[in-house]
């Protein structure tokens, strides 16, 4: 887990393995160990993981701080054990940044090797997220982090042979009502130009759908048809069921997750991440 200075005690209590992603965090971590260790029983802290910042500049120990990191690791080798070293690419989805990606990989390899030499033992090393796993097989190292690839979401071209999106979302119809021409539906006051059979689904924007799909901008699948989304509210969605009636597929085999994501103006794994606990 990525731990803050306030979560070190939780890591120790539940035998979790924290990520050290800044020298500030590392100093707080060492301070905690020094204050809580029993001199008569020096049991090492559970494994730690080190994240290096090779160019994304989000989380990670600066390359300039690696000498300082090595010194503190050496001084505290009796307290901690490094299980892995990793970093994160910043431009794997854009071929124009391939040179930067290779530079990051070289920077990581050089510094990881320096840290390993100072430690005196080998550690796991990893760099690749889903896109990098496909585009840069030379950088797979000891493991890869496929993340949304577990669901068949590989946000790179060309699509890989084994790609199949396994995520789906369905919702029940809880009400049917005929609405007359010129009447309105939903908070957005969508006015009908002809009478429709409106189906009300038990799902809404609180569950991760975007109101951008209103007024026919999005579709759902039901009984062999893609039908328009009329209006989305907090936990209800109204659709046009004039010709059909069955369980509704939000995305799945018939409406690909990637298509729904495009309608929502987001990427597939963002749509998956927005689905909340109620779903």
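Here the Cβ of each residue, glycine as well, is placed from N, Cα and C on the backbone.
Taken from TrEMBL, the feature substrate binding site covers 58, 234. Around the Cβ of residue 58 (substrate binding site), 10 further Cβ atoms fall within 10 Å across all displayed protein chains.
Residues annotated as domain 'Alanine racemase C-terminal' in TrEMBL: 166-279.
For the domain 'Alanine racemase C-terminal' (166-279), the predicted model reports an average pLDDT of 85. A 10 Å cutoff on Cβ-Cβ distances gives residue 234 (substrate binding site) a total of 11 other Cβ atoms nearby, all chains included. Break the domain 'Alanine racemase C-terminal' (166-279) down by DSSP state and the numbers are 20 helix, 40 strand, 54 coil.
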